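Structure first, then comments.
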Amino acid sequence: MDVASSIAGLISLSVTIIGFSYKYISNAYKASEKESEYIFELTNLKLLFLRLQEIIDTPEGRASKLLSTLPISECKRDLEQLCSKLKKRGSSRLFAIKFNKLSWPFVEEETAQLVEMLHRYREIFHTALNAEGFAFTTTILREVTLLKTDMQFEAVLSWLCSANFEEKQRDVFRQHHPRSGRWFLDSPPFTKWLTTKSPRIWCHGDPGAGKTVMTSMVINHISERINGKGASLAYFYCDYQDQDKQTPDYFVASLLKQLVRRMLVLPSKLEELYQTFCKERRLPKLSDLTNLLLQTSGSFSQTYLVIDALDESDSRRHRRQLLSVLYELGKCQDSIKIFVTSRSHPADIRGAFESGLNIKITASKSDIRDYITSRLDNDENLADLIQPKLRNEIVDHITDVADGMFLLARLQMDSVCAATTIREIRHALKTMPSDLRKTFDVALERVQAQSKQHAALALRVLAWLTHARRPFSVEELCHGLAVEPDTNSLDEENFPAPKLLVNVCGGLVSIDRESSTVRLAHLTVQEYFREMSPRLFGEIDVLIAQSCVTYLTFDAFSTGVCQDDESLEMRLQEYPFLRYSAKYWGDHVRGDGERKLLPVVSDFLRDRTKAACATQVEFLPQIAFHGCYNAYYKNLTALHMAANWNLPIVLQHLLQGPDIRDIGTRDFDGKTPLNYSCRLRNEAVMSLLIEHGADISAFDDYGRSPLRFAVDGGKPATVKLLLDKGAGVNAPVDYHGGTALHWAARMGYTPIAQLLLDYGADTTLRCYDGRTALDYAKQNRHDATVALLSKNAPAMDDGYEQRTALHRYAREGDVEMVKRLLGQGCDVNSLAEGDTTPLHLAVLEGHENVVELLLKSGADASAVAKDGRTILHRAVEGGNEAVVRHVLACKPDLETRDAYGRVPLHWAARMGNEALVRLLLDNGANAAATDSHGRTPMQQAVLGGQEKIVELLASINLNTP
């Protein structure tokens, strides 16, 4: 697109944004100071675009080189993101039309960031317009460089973690009373932790004691204390409703992100990890993240880490690793201070922290009295009812009954505030229970005593929140509750009023003001309703499942997948329940829902168009740009989805019909339904598929067999099932000669390694790189696996070691040993496992000096290994540009295909290595080459999520005659 068209696009975009903005700020006199600044910057930026368009229309303007320096594409991207956010509520018929109310969608800090972004662009374009004769200026270059640096900074932080606990902090801190909590901040244990070298403090208490609010006060206190003193603060709110997302990696990445945001430049190690792992859309190992967190904390005079509600982390899957990370961080007594809250009783947490500083959190009587007084002062209805004497009775009685528990005081005040007469107030005080469970009973009775419609809505809301797999936004829950069985669209007149979601639930439900998240008032509320669920809610998972599947089969989704980001974003805005239903429908169906909803679920899975729509949303954010959309749904069958969701009853039903013909069908990555079930460790599904003829030796497009997937899953039972069904224990599970034992050793799965040995696994077998299982275990420092394999390994074959010494030292990059062995007459082109030569291994590991030496000594640059990989394939896989240049200098055949039918350009594109893609193209690589599945390098880039490579190769295709 030329510059003139781009500027015209910016004008159109800015006009659209201004229009949306005024929907929120309908009266400029009522706008906040920051909102007014936002409108000012936006309006003036649009005027600059118009002026720039006038200049571009002149011959002098079109001839200026300055235009190429302006950040037009970056500005377009940022304005499109802003427009998308503004559209989110503006296009929501639920809130914009039905309730005719729009609130400004950004908190003050976000608005300030928008003002800064708009101001930066305004300055750049203003400088360009004022440049004498429209000439090139260093000022513009400097501004553009700063802008791109900021963009890179944000890109790295976004990759690192999506968490934003600032909203949570503001929501929680808003709940504190100005005079409350002072006793804690002044307490000797907390003061000692804050002012001495004591590295850790554990603050524990009973449920409902106010630990989370106290944490928000500590965060605010530390933030004010360290302001401008070179110290840093990071915090993390554990949430029982978000356990799946809050993994140890997520935990460390979130803390790291907050520390890095306080720095002026990105740590070089973080940039290095970003370049390595961003292409693969994953994070580094937990140990790497932890080490980087430790390294980053050293950039500050002191680092404070605050972790709330550690007991709400997943005790079965994540808690042990979280405690291990905190232990490692706690060793840095001079630079890191750790503040942790939890309930008092979890033994693992108590064991980790009780030997150090600790303090029990209870709400002081003065804090509770202040809270009750505040509630009474702000309730207009009670003000007309109660006299000073009764007021004092209420304050005294609830303070005594609450016994240091804010939650109890709050629920008891809800009972008082619900009263309509003095007699009802006195009755509430007289019958007020003194423990949480009985208080919940009373609250539930109050809910059920409402009108029939309100009570029914309250029970539905409570049921959905109790059994949700993650928290709902207000819009999501309203849409979910509005779904009716056997319908193909939403009836807008069936939406509940958002305020009712809270009002009818008698204080048991709250809405986070910052994030618009609906949640149960406390973990103890969820525990109560989980226990009461069979009696109160019946088959609620089946009902939620029915709503999810019905929503996914609406006529609106009959058009299938969206073809670009904008249409996908609009679909998600128009149908907010789509994210939840696509992600969790299978979890709710699994179990009773499989039988009760069998026809509905089966029909949904067989509808390739609507199932693809759901899968597109399920894969978010992995699929996050134009170009990926069609690729991910090709050949995805009902059997794949039933296997993916571990639905054996549904699968059995499908296999009894025509769907059985798809049992060997491969998806976009070449995976069969059996591959899915092995990867997800679903034994019942695996057995069904094998019994119906699934191929237990089918490799996917990356050379992974079902046994390889089972080993990767880490569950011995699934590995045993495949071995019992005939999978070869010593058969290759990949295209590189690796066996199941090699992969168990790589991953450190000692129980699986023992199982494989029991079934006769051969410890002497080597991969094509010459390594045994024991070599891999040692390389990855899996001590238990090393001990097991060492005990079972035969004596070392000295003859083999001598024959392959050149391979080993080439792989290790030991140039002196390679030189010595060549001098002793070793064959530079000798073959080891898989017909690999020393040069194959040297280029793979990126050892440039060894590569140069081997080539000078006559190494064959066109050698092909058993897996079809040439020297160039291996060099590209290794990713070292200098090494690839050495190999290309030997004029190898760029069209030689490996076992996958791929040329080196396929692999460079899939890996997202732009430098190597350009280098191969410059040397004559064919951008239209197809692999065994008919895929071009660009299609491989699409499947790998490599946006820049897709754009590069697409531009080449467009420019090719």
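The first residue you see is number 1, and the count goes up from there.
Backbone N, Cα and C define each Cβ position, glycine as well.
The model shown is predicted, which means the values in this text are computed figures rather than measured ones.
According to TrEMBL:
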- 180-343: domain 'Nephrocystin 3-like N-terminal' (DOMAIN)
- 450-529: domain 'GPI inositol-deacylase winged helix' (DOMAIN)
- 669-701: repeat 'ANK' (REPEAT)
- 702-734: repeat 'ANK' (REPEAT)
- 736-768: repeat 'ANK' (REPEAT)
- 801-833: repeat 'ANK' (REPEAT)
- 834-866: repeat 'ANK' (REPEAT)
- 867-899: repeat 'ANK' (REPEAT)
- 900-932: repeat 'ANK' (REPEAT)
Test the contact criterion for the repeat 'ANK' (736-768) and the repeat 'ANK' (834-866): 3 or more CB pairs under 8 Å, pairs 6 or more apart in sequence, then answer yes or no.
-> yes
Quick one: DSSP breakdown of the repeat 'ANK' (801-833) into helix, strand and coil?
-> 21 helix, 0 strand, 12 coil
Tertiary contacts of the repeat 'ANK' (801-833), as residues 6+ beyond its ends and Cβ separation under 8 Å | 737, 766-770, 839, 841-842, 844-845, 847, 849-850, 853-854, 857-860, 863
What average pLDDT is reported by the model for the repeat 'ANK' (900-932)?
-> 91
Which residues of the same chain, at least 6 past either end of the repeat 'ANK' (900-932), have a Cβ under 8 Å from a Cβ in it?
-> 279, 701-703, 735, 868, 870, 872-873, 875-877, 879, 881, 884-885, 888, 894, 938, 940-941, 943-946, 948-949, 952-953, 956-957, 960
Tertiary contacts of the repeat 'ANK' (702-734), defined by C-beta under 8 angstroms and 6+ residue spacing from its ends, are 669-670, 674-675, 678-683, 686-687, 690, 696, 740-744, 747, 749, 751-752, 755-756, 759-762, 765, 867, 899-900
